[in-house]
Amino acid sequence: MWDNLSLGFSTALTPENLLLCFIGVLAGTIIGLLPGLGATTGVAVLLPLTFTLDPVSALIMLAGIYYGAQYGGTITSVLISTPGEPNSIMTTLDGYQMARRGRAGPALAIAAVGSFFAAIVSLILLALVAPPLAQIALKFGPPEQLALVVLGFVIISTVSGDSQIKGLLMTACGVLLATVGIDSATGTTRFTFGQLDLLSGISLIAVVVGLFALGEVLAQLSIGEAKPIRTRLREMLLSKEDLRRSRAPIMRGTGVGFAFGALPGGGSTLASFIAYGLEKRVSPNRAEFGKGAIEGVAAPESANNAAANANFIPTLVLGIPGGATTAVLLGAFTLYGITPGPLLFEQQPTLVWGLLASFFIGNVILLVLNLPMAPVFAQLLRLPYGYLYPLILCSSLLGAFAEENAIFDVWVAIAFGIVGYFIFRVGLPVAPLVIGMVLGALFEKTLVQTSSMGSGSFGILLDRPIALGILAVAALLLVVPAVLARRRRLRVAHTSLVSSESKKDTHV
Amino acid sequence: MPSGELIAYAVLTAVGVYATVNGVSYRLVEPSGAVGPGMMPAASGVVIVGLSLILMVRVLRSSGAGRGVTAEELAAASEDDVIDPPREHRAWVVIGLMVVTALLMNVLGLLPALGILVVVVVGFVERRSWTRAVAVGLITVVVLYLVFDQLLGVPLPTGLLGGVI
Amino acid sequence: MYTQPPQRRLTRCFVIATGSTLLLGACGASVGSGGDDDWTPEGRVTMLVPAGAGGGSDLLARSVGSGFEDVVSGLNVNVENYDGLPGYAQLQKAAGDPAVMLSAESSLITVPQLADVDFDYTSFTPIFKLGDDRAVLTVSEGSEFSSCSEVIGAAESDQVQVGVASATGIDAAVTLLTEQATGVEFERVPFDAGSELVTSLLSGDIDIALLNPGEVIGQYEAGKLKGLCVFAEDRYEYDQLKDIPTSVEEGIDVTFSQFRGIIAPADITDAERDAWVEVAEEFTESDAYDEYIEQNYLQPNAVFGEEFSTYLEEMAESLSGVSEQ
C-alpha cells in the first residue's frame with residue numbers, strides 16, 4: 001500500500017505533472033462555471049491537445065478538468081441561480097437564496113470546504129477499498145437500481161415546498177417531459193411532433209437554464225427590482241455557526257455521494273438530489289430549506305464531489321465507466337494505447353496510482369483557489385441588477401445552445417423560462433419538475449429492464465434481497481413519518497382537550 | 001376572469017389527458033410482458049389529471065373563482081426591499097426580446113444577436129444611457145466570443161454574414 | 001466650423017463598419033468552394049459528429065481529423081458534436097459544401113429504416129469506410145454456455161436473455177438477423193450503452209450480449225468475459241481474438257458487422273469527392289490509421305468512393321428485413 005502511494009506521489013509531483021494538474025483544475029473550474037458546457041464536453045474537446053503528452057500526464061490534466069468542474073458549477077448556481085452543471089441544480093435552491101441575503105460568500109466557501117472534504121475522504125476510500133467495492137457494485141443490477149430510484153423518489157418527496165400535492169403534480173410533469181423522444185428500448189418515437197431536434201429528447205440543461213435562470217429573472221422583473229445586496233464584511237466570511245451547522249451535512253453528503261457514485265452508471269446528479277432530500281428530512285433546521293439554509297448547500301456539494309471521485313471505482317477497477325465523463329476518459333485510455341479493464345491496476349500501477357495521487361493534489365489546489373475567491377466572486381452581485389440580468393440572459397441562452405450546438409435548445413430555454421415564470425406566479429414549486437425529469441427517466445429505464453428480465457412479471461424482485469431491502473427502507477420512510485405525525489396530532493388534540501376541560505373546571 | 005391558477009390547472013388537465021391517450025396508443029405492455037413505451041406517459045398523464053382536478057376543486061371551493069396573486073402582492077410577500085414599483089410588463093417585454101433574439105440568431109449570428117439583446121435591454125427596458133448600453137453589449141460579446149469561440153471552439157452560428165465572425 | 005453631431009458620426013461609422021464586414025464576409029465566406037477541377041482541401045474544415053463528445057463516433061472523428069491534418073498540411077479539422085440526428089440535419093444543410101464531413105457508422109442505415117426522418121444513406125456522398133467493427137457473442141466467465149451453437153440450442157427450449165444496447169443499434173440488428181436465420185427467439189433486455197451490457201454480463205443479470213471487441217478486450221484478457229463466436233466469415237487475425245470461431249462455423253448464417261466511415265454532403269462535384277478520397281487513401285497508408293484500427297480491433301478493410309456506396313447499398317439490403325419487424 002505505501003509502495004503504491006509513494007509511487008503515485010513521486011509520479012504526480014513532477015513539475016510537468018503539477019503544471020498540467022493546475023491547468024486541468026483551472027480549466028475545469030471555468031468549464032464548470034459556464035452553463036451548458038459540461039465536464040464531458042470539456043474533456044472531449046481538450047482531448048486532442050493531449051496526444052503529444054505522456055499518457056499519465058494527459059490523464060492527470062483531463063481528470064483535473066472533471067473534478068475541477070464540480071467546484072466551478074457551484075459558482076453560477078449560487079450567484080445567479082444558473083446551474084453550471086446538472087449536479088449543481090440542488091445547490092441553486094438554497095445557495096441562491098443565501099446570495100439574495102448577502103451570504104453568497106459563505107455559500108461559496110462552504111461549498112468549497114464541503115467539496116474538499118468529500119473529495120479527500122472519497123479518495124482515501126478509493127485507494128483503500130476500490131476493488132472489493134467494485135465487486136459489490138456489480139451486484140446492483142436493474143432491480144436494485146429500480147429500488148434505489150424508488151427510494152430516491154421517496155426521499156425527494158419532501159422537496160416540494162408546502163404542498164405535497166403540488167410537488168407531486170410537478171414531478172409527474174417532469175416524468176412526462178422525460179418521455180419525449182425516441183424510446184431506446186423499442187425505437188418508438190414519443191411526443192416528437194415530427195421534429196428532428198426532439199428525437200433525442202428535451203435537453204435537460206436547456207430546461208434547467210430556462211426554469212432557474214430565465215424564470216428567476218422574469219420573476220424578479222415582475223415583482224420590481226430588488227435593492228442591490230449590501231453585505232458587511234462579517235457576512236462575507238464563514239462563521240463558526242456556519243461550520244458547526246455544516247459538519248453533519250457534509251459528512252452525510254459525502255456518504256450518499258460516494259455510495260451512488262460507486263455504482264456503475266450512478267450519477268453525481270442523482271447523488272446530489274438524494275443528499276439534499278436526505279438532509280432536508282433529518283436536519284433540525286429543515287424549515288429553513290429553500291430559503292437559504294447552509295445545510296442545503298453543504299450536503300449536495302459534498303455529494304457531487306464524492307460521487308465524481310467514486311465514479312472512478314468502476315472505471316479503474318473494472319474498465320466500466322461510472323458516468324459520461326469517465327466514459328470519455330476510458331476512451332482516452334484506448335487512444336493512448338492503454339487497455340482499460342480488470343487488469344489495469346496490475347498492468348499500469350504507475351498510471352493508476354499517479355492518477356490517484358494527482359487527485360489529492362488537484363483538490364488541494366482547488367481549495368486554495370476557491371476559498372479565498374469566494375468573497376471576491378460574491379462581489380459580482382454588487383452590480384446593479386439592471387446590468388446583471390442582461391448578462392444572465394446572455395449566458396443562459398448561449399449556454400443552452402452550447403450544450404449540443406442547437407438553436408432549438410435556445411427556444412427550449414426560452415419556453416421553459418416562460419413556464420418557470422408562470423409556475424412562479426401561480427405558486428407551484430419548480431424543483432420537483434426537474435427532479436421528475438431526471439428521476440423519471442431513470443425510473444422508466446430500470447422499470448423496463450426489470451420487467452424484461454422477469455419476463456413480464458416483477459416476481460424477480462423477490463429473488464433479489466438487496467432490492468427488497470432498499471424497497472423496505474423506502475416504505476418505512478414513507479410510512480413512519482406519517483404515523484408519527486398522526487400520533488403527535490392525536491396527542492396534541494388530547495392534551496388540549498384535557499387542558500380545556502381543566503380550565504372549564506376552574507371557572508366553576 | 002378565472003384566476004391564473006385555475007387556468008394553469010385546466011391546461012395541465014388537458015396535458016394529462018393528451019399524455020394518457022397517447023400513452024395508451026404507444027403500447028402499455030409489450031408482447032413479451034415487459035413494460036411498454038406507453039406506460040410512463042399514460043401513468044404520469046393519469047397522475048397529472050387527477051392532481052390538477054383536485055387542485056382546481058380546492059381553488060374553486062376556497063374563494064369562488066379565485067383572484068390569483070397580483071404582482072403587487074408577490075412583491076409585498078417577497079422578503080427583499082423593492083425600490084421599483086412592480087412593472088410586470090417588463091417581464092413580457094423581455095420575453096418578447098428573447099424571442100426576437102432567437103429569431104435573429106440565424107440571420108445575424110448568435111453573438112451579434114445576443115449583443116443586440118443586451119443593448120436593447122440595458123438601454124430601452126432599463127432606461128440606462130445608450131452609451132452605457134452599447135458598451136456593456138460590446139464587452140459581453142467580446143468576452144463571450146473569446147471564451148466560447150476561441151478558447152473552447154464552440155461553433156457559433158454566424159447567420160447570413162457567415163465566415164467572418 | 002461645422003462638426004457633425006455625434007449621432008450622425010456614429011451612424012456613419014456603423015454604416016462603414018457594416019459595409020466592410022459584408023464585403024469581407026462575401027469574400028472570405030466558404031473555404032475551398034467548389035467549381036474548378038483542381039480542388040484540394042485546405043484551411044478550416046468541419047467534421048460533424050451525430051453523437052455526444054467522448055463516444056465512439058466522436059473519438060473516431062477526432063482520430064480521423066487529426067490523421068487528415070497530418071496528410072494535408074495547413075488543414076484544420078474542427079469537430080462539432082450534435083445530439084444524434086440533428087447532426088445529419090446539419091449535413092443536409094451543408095449540401096454542396098466540400099468543407100464539411102460527418103463521422104458515420106451503421107446508424108446511417110438503421111435509423112432511417114426505423115424512424116421517420118427525411119434522409120437516408122443515399123442523401124449524402126460516401127467518402128470512405130475505415131473498417132469494420134464486428135460483433136462478438138459474449139458471455140461471462142461463469143456462463144453455462146461454451147459455444148454459440150449451445151446458445152442457440154438453449155434458446156430453442158428456454159429463454160435466453162440478451163442485452164441490447166439500443167433498438168436502432170447494430171446489436172439489435174444482429175440479434176434479429178440471428179433469430180431469423182435460426183428460428184429461435186431471444187428475450188431482450190434493453191440498455192442504453194455497451195458499458196451497461198458489460199456490467200450486466202458480469203453480474204449475471206443477462207445471459208449473452210453482442211459486443212464490439214474494442215469495448216471489452218480488457219475483460220477478455222482478464223478472463224472475466226469470453227467471446228463465443230464472431231459474426232463474420234473469417235476469424236480475427238488479432239492474437240487475442242483469433243481463437244474465437246465464426247458464426248458460420250457455429251451454424252449461424254449471419255455475418256453482419258458495423259462500419260465506421262466518413263461521408264460528405266450531397267451535391268459536391270466529382271473532383272471534390274475524389275480529392276477527399278485521395279486524402280483518405282493517404283491516411284489509410286499512415287501509421288495513425290494502423291494504430292487506430294489496432295487499438296479498436298477493427299478490420300482494416302477500407303473501401304473508398306463508389307465501392308463504399310455499393311457497400312452501403314448491400315448493407316441496406318440485408319437490413320431491410322429487419323425494419324419490417
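Here the Cβ of each residue, glycine as well, is placed from N, Cα and C on the backbone.
Listed in TrEMBL for this protein:
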TRANSMEM  A:18-37  transmembrane segment
DOMAIN    A:18-435  domain 'DUF112'
TRANSMEM  A:107-133  transmembrane segment
TRANSMEM  A:145-161  transmembrane segment
TRANSMEM  A:168-186  transmembrane segment
TRANSMEM  A:198-223  transmembrane segment
TRANSMEM  A:254-276  transmembrane segment
TRANSMEM  A:312-338  transmembrane segment
TRANSMEM  A:350-373  transmembrane segment
TRANSMEM  A:385-403  transmembrane segment
TRANSMEM  A:410-443  transmembrane segment
TRANSMEM  A:466-485  transmembrane segment
Report task. Residue list, the transmembrane segment (A:198-223) vs rest of chain: Cβ under 8 Å, 6 or more residues beyond ends. Result -> 35-36, 38, 80-83, 86, 89, 92, 96, 177-178, 180-182, 189, 191-192, 385, 389, 392-393, 395-396, 399-400, 403-404, 406, 409-410, 412-421, 423-425, 430, 433-434, 437-438
Report task. Give the one range among A:312-338, A:350-373, A:410-443 whose Cβ atoms make the most pairs under 8 Å with those of the transmembrane segment (A:254-276). Result -> A:312-338
Requested in this report: Give the one range among A:18-37, A:312-338, A:350-373, A:385-403, A:410-443 whose Cβ atoms make the most pairs under 8 Å with those of the transmembrane segment (A:107-133).
Outcome: A:350-373
Report task. Mark yes when the transmembrane segment (A:18-37) and the transmembrane segment (A:410-443) have three or more Cβ pairs under 8 Å (sequence separation 6 or more) and no when they do not. Result -> no
Query raised in the report: Does the transmembrane segment (A:385-403) reach the transmembrane segment (A:168-186), going by 3 or more CB pairs under 8 Å (6 or more apart in sequence)?
Result: no
